[in-house]
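The structure appears right after this line, and notes come after that.
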Amino acid sequence: MYLGEYTNKRSNNLSFLKFIAALLVILCHAFPLSMGKQNTDFISQYTHGSMSFGSIAVGVFFISSGYLVTKSIIKHKSTKQYLIARIKRIFPPLIVTVLLSILILGFFASNLSIISYFKNRQTWLYLLNMLLIPVHNLPGVFENNIYKSVVNGALWTLPVEFACYILLLILYKTRLLERYTRVLITLLFISYVGIFMVNIPIFIVLRNFIEPVYLFFIASAMYIYKDKIKINQKYLYMFTMIFIILFILKKGHLANVICLPYIILYISFCLPQIHSKLASLGNYSYGMYLIGFPTQQVIAMYIRGGHAIVINFLITSIIATLYGVFIYYCIDLNINKIKR
């Protein structure tokens, strides 16, 4: 059997995996936001930061995006339709979240007066997040937190993802995507391994950006070659064993980029599909991702130490899910009704 034989229908499993991934991001952030930057989840501690709940979760999002967006661009072919779909996907929920963050946090989480807060230039600079230009601070907000001043540290993935969309479009329009996919993936992997092997601070930072890009394009390549990629339990066990071995060796980055795409796509398309009601939770994952970090920072203002990590995770998961419901039904569905 080949991957292409499984992927003609919508995957309930993949949708649910995105919901789980959103929860894993919240869990990953609960450690440093509740206890300080030096405190990370136990996967990160074991692998010396080369893997975490967060990196696995981001991997799920980028693998899903790479596979499905490539399917979309090949199916529809229209540049205009493609760009409009991607803009609708990323920006409306982001704009709403940025505006709500400025308003709500200004009233309830800043140590400045309301007048001083809205007169401060930094308040308006935060709007640049709506253009995928990262601005992490709002004046007076979270200044006394353990993880000081950062309002929404999760937004860094959005410009990376949108850059992947644009690069994919360029590769498709120049016909490099289908003709030279193997060469492009090989070069990207070699560059990634090279950066992985050099322990210079700038390269360590680059790993975090290149890993999701690689996962996006390896998933894209898997769609292009879906009719040539064998999919069976033997290969699943092989990739799972390699993943475990690399994890034990504390080579988490390599475990993710080598094994995660096959494992995630196998779970998504080849295992029995879960019920559609559970799958619908995946619709809320983007909203959950957007609001999770600032919600956790607000909770961390009041609850620290002891059981703070568990409490932070549980309360944030509930609030983030409700916000995800709001974003999906009030923003996403209405935006998608607008004619292309």
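Yeah, the Cβs are placed from backbone N, Cα and C, and that goes for glycine too.
What TrEMBL says about this protein:
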TRANSMEM  12-32  transmembrane segment
DOMAIN    13-329  domain 'Acyltransferase 3'
TRANSMEM  52-69  transmembrane segment
TRANSMEM  90-118  transmembrane segment
TRANSMEM  153-172  transmembrane segment
TRANSMEM  184-203  transmembrane segment
TRANSMEM  234-249  transmembrane segment
TRANSMEM  255-274  transmembrane segment
TRANSMEM  309-331  transmembrane segment
(message) Please determine whether the transmembrane segment (12-32) and the transmembrane segment (90-118) are in contact (criterion: at least three Cβ-Cβ distances under 8 Å, sequence separation 6 or more).
(response) no
(request) Grab the same-chain neighbours of the transmembrane segment (234-249) for me: Cβ-Cβ under 8 Å, and only residues 6 or more beyond its ends, written as numbers and ranges. (result) 47, 51, 255, 258-260, 262-263, 266, 270
(request) Report, as numbers and ranges, every residue of the chain located at least six residues beyond the transmembrane segment (153-172) whose Cβ falls under 8 Å of a Cβ in that stretch; write 'none' if there are none. (result) 25, 29, 58, 61-62, 65-66, 69-70, 73-74, 79, 82-83, 86, 90, 94, 129, 132-134, 136, 147, 178, 184, 209, 212-213, 216-217, 220, 289-290, 292-293
